Amino acid sequence: MLEGDMMVTDSINDFFDSMLCLPDLRLVKSGLKTTNGQDDYLLFVNAGGGSIHAKDCQINFKGDSFFEGGEIIQTSEIIVDGGDYSFLYQSARYGNFCYKFSDLSCGEVLLDLHFAEIVYTNGPKEMRVFDVFVQDEKILSDFDVYAIVGANKPLQLLDVRVFVPDNGVVVVSFEGRSGTPMVSGISLRKAPKLPVISQPIICNNCASVQEISSIQNRGQNAKFLAKYEKKIQELTAQCKAMSDECHEAWMSQKTTNDQLEELKMEFNNKLFQTENLELTVELQMVKLRNVTQMYEHSQKKWITAMVGLDEKVKVMKQEHLQLCLEAHDWADAAPDFNKMIIAVQTLVVQCNDLKSKYAEEMTKRKNLFNLLQEIKGNIRVFCRCRPLNRREISSGYATVVDFEAAKDGELGLFTGGPTKKIFKFDRVYTMNDDQSDVYADASPLVISVLDGYNVCIFAYGQTGTGKTFTMEGTEQERGVNYRTLEELFKIAGGRKEMCDYNISVSVLEVYNEQIRDLLAISPSSKKLEIKQALEGFHHVPGIVEAKVENIEEVWNVLKVGRNARAVGSTSLNEFSSRSHCMLCIMVRAMNLVTGESTQSKLWLVDLAGSERLTKTDAQGDRLKEAQNINRSLSALGDVISALASKSSHVPYRNSKLTHLLQDSLGGDAKALMFVQISASENDLSETLSSLNFASRVRGINLGPSRKQVDTSELMKLKMTIDKLRQECKTKDVSSRKLEDSIQSLESKVRAKEHMCRTLQEKNKELEAQVESKRELQFSSERQNMQLSEKVKELEHKLKEQEHSENLQQKIKELDSKVKEHEFSELITQQKVQDLSMKLRESHQFECLLEQKVKDLEEKLRKEELKSACMERIANSAEKKFLSKDESNGEIDPRVLRSSNSINQPMEVPISILLKAEKTLQNAKIERKSEDVEGNMAVGEKKVLISCETNRKRKIDQTKTLGRLSRTSKAAATQRFPKVGTTKSNSRQQEQRKIIR
């Protein structure tokens, strides 16, 4: 793990070093702090920002100036680890631009650059890569801020030593490689003096030591680096030639190895062939053994099979006897089974009789119930009184209704005189009676609807007397509508085995003498009209009939209709019903026993208020509504009076209300009226008129009601009866024909039975003959089997003899082949020995080559060290010679003495230079002689190898030279990788030595 971490850190450092073009530069991954020596700053530019100089800020930041090109960008995001001046990194200049600083004093200064990636905060790397030049010298190459520190983090480049020329101008330019460059701040600091070079240069004029800065020394170093590069190129060329020679030797060794592998493959193939022959011989022997074993096994198997078949035959005979006995038992038990069938048939007949009797009793019960309802009167009137409300109690109104004789159906009303007026109804409810008590008296009519009779239940009275409460109710106290449908589903569920009921619901309102469908999804412009069907049945085409199957669906339908009803505010009631709400329940029933089908209708009507116009103080739309309500109620009164007087003409068509209720108010229907009154003396006049109207209604005698039989079903039944009659006639004719054909067939069957008997006798005779023939055939088959076994034994012996002769011949052939194979093995062994000798020689030759390569590498290293020393001496000598040449022009005699005395030691370096040149020449001569000897040895080896290999096969020399050249390149790259890196490393080492 530690080695892996070290490798990662080394790779990161190499990545940073590749960006820095000068050795003394530093990268700091944090922001500017106050401990960095603020007093040495000559200039500090806030790139992309304004000038800042406050008490807390010790550095004087100048605004963005001295620039040429580029644009400004700023951010408000927090700079992580931004130091004491994080605002510096929140602005920047970007684009291809440069900064030109003028009016600087001549000398050296330190340049610092401040960066932060504030644009590409989500990366990725290499989105912004750029170069930085100072005085046309590159200091940063392929610089990527995001790759080093990431987004919104500062990065400082410190200690860039810059030489200011005489004109006092310093130029810092930025050039983008991919993306646009960016900088947040630039600062110039005073540069400390560098230490003096180890070999000082003395001035010839004043004999003083001259200090040369590193910037001035860079130009001189570049010249020497060029010389070093030329020498390195020469050495690399020599190394390449040596590697090519090594590759050629390696290729020759490879060819010998290939030949060895081919011989080994041939030897292995021969061995494989011999092994295959041995395996085939063994397999044939195994097959012979298997055949003999199979024959013995099959013989035993057939014997066991024969024994098993005999046992199975015996078992089958026993089973046959058992089956015969069981058949006789079943034949004896047949009379008992017939008795059971007769008993079941008698039970079925009794069950049908009971069903018919039950149906008769049901019809009698219906007739008696209807007679009872007719005796009570077809239009029944129930009276219900609303108690005083809070407003009436607070106003001090008295109660004008007396309930003393309510149980007897009498109601007393105080009209202001000494006596009270008595009204008699079918049922009078006190103020303590609830919704369940009200519905208990109305529930018998629900049974009439299911029996096929039309029924009408309506509530009449002035506004605010509780008509809607009685008919609809609330969720806590359900009204007549909900309880009626609940009772319908309950009774229909109890009769589901006898009758099939289909119940549908429609909700209407008569508003301003117009019929409106309260279940319609969207109001249609088409006017709804009443049509008359067959036998006086009235209906409204286009109205929505919602089929309901349970009480939850009923409640949803009722809520939809109640929400769509027209409601308005009057002086009597804040939420007054301004229309007649009519709930129509259609019941289609079919008796599953008798097949009778009926279609009945139940109207549940909540009439609008019956008060006078003067009392409501209605105006505008409310006045029009009140007029239409009174007109329809007066039409209802006319119909009631016509029915009471048994007039020949009943004015049903005077109003939409009476027209809709025509089939439920006539002589063939049953009706119930709830008269709703108020107990307050303030409503006395309206209460009196309502009670008078109710007493008139109670006096009507409509006569017996009639069941509403569905005529469409009757017509269908008649059609089916006619079809059945025709089918019966055709079936009678066909049955007669079948009887005639049966008689003819019976005569034919008798003749065929006689023929069968004669044929059976003949079959028995033939079977006896066949059995005798089978016995003869079985004996002949046994004889044939014995003869065939003897023949097989003889054939088997002949085959064994032939097979033994073939095996002897094959064994002889195999012996000859084995001898040939042994001879070939001896030859191959000799070849292998020869090739192994050649391989040893080639290995020895490779070892010699490797030793020579190592010696050459050591010599190269020594030469590099010598050349480095020579260059140092030459540099110092050149400098001194230059200083001499400059001083030889004009000098004083006094200075000449001192200069001669100083320059006396320079004779020694010249002699050293001459010696170094001689050593270099001698090294070159030795290297050339060694190269010639090596080439001669390699040539001799090549000739020997080529002579030996040409005995086996002919090789195209042009192809081999091509392969050698290709592989020599790969070998050279493997032996001497990264020549460029060695160059750069050697340059840096020499520069550091020169600086020291």
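For all residues, glycine too, the Cβ spot is worked out from N, Cα and C.
Looking at 172-224, 225-277, 596-648, 649-701, the stretch flagged in TrEMBL as coiled coil turns out to be 225-277.
Averaged across the coiled coil (225-277), pLDDT for the predicted model comes to 83.
By a simple count of nearby Cβ atoms, those within 10 Å, the most crowded of the binding-site residues Gly461, Gly464, Gly466 is Gly461. Counted over every protein chain shown, other Cβ atoms within 10 Å are most numerous around Thr465 among the binding-site residues Gln462, Thr463, Thr465, Thr468. Within 10 Å of the C-beta of Lys467 (ATP binding site) we count 28 further C-beta atoms, all protein chains included.
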